[in-house]
Amino acid sequence: MARAFLVVMDSLGIGAAPDAGAYFNGDLPDTGANTLGHIAAACAAGQAEEGRSGPLRLPHLDALGLGAALRLASGARGEGLDADPEGLWGVAEEVSRGKDTPSGHWELAGLPVPFDWEYFPKTKPCFPDDVVAEVKRLAGVEGILGNEHASGTEIIARLGEAHQRTGWPICYTSIDSVFQIAAHEETFGLERLLKLCEGLAPMLHARRVGRVIARPFVGGPGDYRRTVNRHDYALAPPGPTLLDLVQGAGRQTYTIGKIRDIFAGRGVGHAVTGADADLMGHLAEHVAGAEEGSLTFANFVEFDSLYGHRRDVSGYARHLEWFDAALGPILKGLRPDDLMILTADHGNDPTWPGTDHTRERVPVVAKGPYSGQIGIRAFADVGASVAAHLGIGFDGPGQSFLTGNDVGL
Ligand SMILES: O=P(O)(O)O[C@H]1O[C@H](CO)[C@@H](O)[C@H]1O
Ligand SMILES: [Mn+2]
Ligand SMILES: [Mn+2]
């Protein structure tokens, strides 16, 4: 029986989406953003030399069709990404209005988001009084710090010391529908932070704020570092997704990384989390041992969280090259009737102003018993194709792109 592996390279956009003009980083529209294209260009120009050097080298992803997808999506050549695709390859576009992680993943899993998320205004303070009061009540503190739009690493560098002195949690948001709480793992306490976020989540979910995110950190003044104990308390998907469908068909569903949080645990049979390096080990183990007929759904978040939001071009390129090198042996371990699709949930161009996601098209490249170009598709077609590969009927909005290609099963 066939198995499926759906792997999200978080934020690896390949060129502005047609509706990018309606999305912003600060005052600048996302028109012209191109996460992969601009990284490749910076590498070729010798402008991404920290911890790596020269043109971007992604031989495994490029052989599957990554460079071809970049050219199709944006017209950008992608210096160093010139292979003739061996796999099934193409591009996907999002219809959900948010350019955030849950919107992207739900839609990839066959569920476009049918509503608008609630966002916080770009004022300071930005949070309503009753929400602040609830944070104080749950945490048993007299006040909160932050209460503004901020980048997570910048705000802990700025307010970490005051947080340790007062014991007040640092609360901030972004252009996404999120309420983030940063607190020191030792002086505030990790368990206490997680309980605070869990307790606050229902109030915010009721207002369509997508996620409450615990952002624990360690260290001292001048050297605060976030840890891998981040936890997202996400609104549950408003309808069935690919995970529910596969589980409902009596198949095993495995998730790797943030996927369990993004789907609020719905349809998740078995889950592992950790840093991307650990997740790659888990992906290799799943390719070696996942049950026949199963779905493995993975998210590699560090492209986005460590490099995209931080506007770190060298770091993003380095992580791509690490990912590609580690993926090589994993691709070789796939069985003849397995399908592995690699894609992304939105963009996060590290050469772009601001620190927020960018509204982009994403690549869809696959290894399996199919090949050929699938053109520019909808995100939901990814979920429909996975279901089709597994032989499970799916009446969601997507159309499988496997039909019409060289089906070797
Ligand atoms: O700056 P940090 O804390 O990494 O926040 C980023 O992470 C959030 C959730 O993915 C996004 O909304 C973005 O603002
Ligand atoms: Mn994301
Ligand atoms: Mn992000």
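Quick reminder: no glycine exception, Cβ is built from N, Cα and C everywhere.
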Per TrEMBL, member of HIS231, HIS357, HIS389 binding Mn(2+) 2 alongside ASP304, HIS309: HIS357
Long-range Cβ environment of HIS309 (Mn(2+) 2 binding site), under 8 Å and at least 6 residues apart: SER151, GLY152, ASN348, THR355, ASP356
Which of ASP10, ASP304, ASP345, all binding-site residues, has a Cβ with the fewest other Cβ atoms inside 10 Å: ASP10
Binding-site residues near ligand 1 among ASP10, ASP304, HIS309, ASP345, HIS346, HIS357 (Cβ under 6 Å): HIS309
Neighbourhood of ligand 2 - binding-site residues from ASP304, HIS309, ASP345, HIS357 with Cβ under 6 Å: ASP304, ASP345
Extra residues within 8 Å (Cβ to Cβ centroid of ASP304, HIS309, HIS357), Mn(2+) 2: ASP10, SER11, SER305, GLY308, HIS346, ASN348, THR355, ASP356
Among ASP10, ASP304, ASP345, HIS346, the binding-site residues whose C-beta sits under 6 Å from ligand 3: ASP304
Residues within 8 Å of the ASP10, ASP345, HIS346 Cβ centre (excluding the Mn(2+) 1 site residues themselves): VAL8, SER11, LEU12, ASP100, THR101, GLY104, HIS105, ASP304, ALA344, GLY347, ASN348, HIS357, VAL362
